[in-house]
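As written in TrEMBL, here are the features:
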DOMAIN    67-143  domain 'Cytochrome b5 heme-binding'
DOMAIN    183-274  domain 'CS'
DOMAIN    291-403  domain 'FAD-binding FR-type'
Amino acid sequence: MQLMLYVLDLHLWRGFENICCLETLLGKQTRSKVALSNVPLKPGRSLMDWIRLTKSGKDLTGLKGRLIEVTEDELSKHNKKEDCWICIRGFVYNVTPYMEYHPGGEDELMKAAGTDGTDLFDQVHRWVNYESMLKECLVGRMAVKPIAAPKVLAEISSTVSEDKKQLNGVLPEKKVLASSSKDLSPSYDWFQTDSLIKIVIYTKQKDMNAELVIVDCQDKQLRGEIIMDDHSYLVEVDLDHAVSEDVAVNIAEKVGKVEIILNKKDNIHWKMLGQPREGHNTFIKRTDRGLFFRKCKLVSKTEVTHDTKLFCLMLPKGTHLCVPTGQHVYLKQIIAGTEVVKPYTPVLPFLPLDFQEPPRHDSVHMYLMIKIYSHGLFTQALDYLQIGDYISVSNPEGNFKKSQVQTSEDLLLLAGGTGFTPMVKLLNFALTEVSCLRTVKLIFFNKTEDDILWRSQLEQLALKDERFEVQFILSQPSKDWVGKQGKISSCLLSEFVKRSRRDSKVLICICGPAPFTEQGVQYLKDLGYSQEEIHAFTA
C-alpha cells in the first residue's frame, strides 16, 4: 500500500534539505510555524524506523487491538513520558512509543500529555497527516458529554419540517444556529441569465478585497472560499451543468459582497446550482479547514544565484488566487512513494524600481524563489521538473497583516539567506503604498557574496528611494570583502536596528533558518523591543 503522508514535522524544516538519502530525509523533515529548536534523534529513530515499527504488528496502544471510549478523567491520568495519551480532534492516541521518534523532542509532546492537544497541534503541525502517522497508536474516541439543548433551540427544531428543503438551489446542511451566530455568518445566493451563473456571497464585512477571495472551478466542481480574519467561509458544490474555464470575481468592498461569475457552456435553464460537497456553506476557523491544492503548470525557471532559481507557475484558468503579502503556500510532490509538502513564500518576478503607483496584481502567475540543495530531495525533484510539468500548490497561509506596516514609521527587515523571500513583497508594499514610513531598512545576512539574492536590484533600489537602505552582512566573506561580517548577534543588531527617532513606531520583521530567527527575536527583546514590535516569519 502506498504510504501517503505529509512531512512528519515542521520542527526540522531547515534540516530537511541537507539529507543524502530518503531514509534520513524522512527522519528529519521541516521547520516549525513557531520558532522551535530541533532535537537530534538517536540512531535507529528516523521516520522510516517508526514506519517499520508501526508495520511490525507490535501492540503500540497497550490495548491489544481494542478501541475504547476515553473520558476526560481517564485521559488526564496518562500524562507521563512512560504513559502518554494525547487527544487530537476528538481522537485519543497513545504517543508513548513515538516519544523517541519525534523530531521536536519529548518535551514538545509532553506539553499536551493527558489533555486535548488540538490547539497546540494546529499551531505547529496543522498540515501533517497525523492520522497516517499515528494510526497504530489510536486508543479510541473521546467520550461526548451530554448537553441539554437550550429551550429556544428545541422550539426552533420542533418547527422545522422533516422534509428536505432546498435552499439557494442546493440541499442545506442539517444544523440549527442561534440567531446571534446566524446574523454574523456569511450567506450566499445564486442567479442566472441565459449565458451566466452568478454566485453572490454576502460576507457582512466591509474591508473585503481580492486577496481574501479564493475560487477554483474545474470539472464542474466549484469551490469558493472567503477568508475573514481567522475564519473561513466556503461555498463548495458539484455544479448542475458544465461551465467554461473562465471565472470572474467582482468585489463590492464597501458592503462586503463577493460575486463569482461563471459562463454556461450551454444556454439552458438550471433548476439548481448543484449538489453540496462536504464543506459546503460552512463558516469555521481556518485551522479547522483542510488544505486545498490545485495543479499549477511550470512555465519558466530562471537562475538567480549559483544555487537559487526563480520558478514561475501558471494557475489554472478556473482559479482566482492572490497570495497576500507576508503569506506562504505549500508545494506538494510525491517523492519515492511519499507525499511531501513544503512551504514557500511567493515573490515578485523582479524588484520594481519605480514606485510611482501600486503594481497591478498578476492573478495568473506565481513566482517562487527556491534554493536548490545538492542533497535536498525535495528541491532536487523541483529542479528536475520540465517546463510544462505540474506541481500542486495550496491556498495561502500565514498570520501577517498589512496593517502592521500601515501603522509604523520605521520598518526594519532582518533576513537570513532565503529568509529574504517574504521581504520582497513586503518591500514593494511598504515603498509603494505606505506613505507614513520614514525609513525602510533591510539587514541581509548571507554566507558569501555569491549567496546574496538580487544584490544589484537592492543596491539600485537604495539609490532610487531615499527611504530605503540595505546592509549586507557575510559570515564567510572573501578577503576582498569590505563590508560588515559576522553572524546575527546583539552587537550587530544594536548597530543597525535603530528607530528614526526616539518615540517612532517601529515594526521589525525577521525570517531565516530557525536558529537565526530564534536568536534574532531574543536579541531584539534584549535590546528593548517589545513582542508587539516584532513579527517572525517562521513558516
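Keep in mind that glycine also has a Cβ here, set from the backbone N, Cα and C atoms.
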PLDDT averaged over every residue in the domain 'Cytochrome b5 heme-binding' (67-143):
84
Just give the helix, strand and coil counts over the domain 'Cytochrome b5 heme-binding' (67-143), going by DSSP.
32 helix, 21 strand, 24 coil
Residue distribution over DSSP helix, strand and coil in the domain 'CS' (183-274):
5 helix, 55 strand, 32 coil
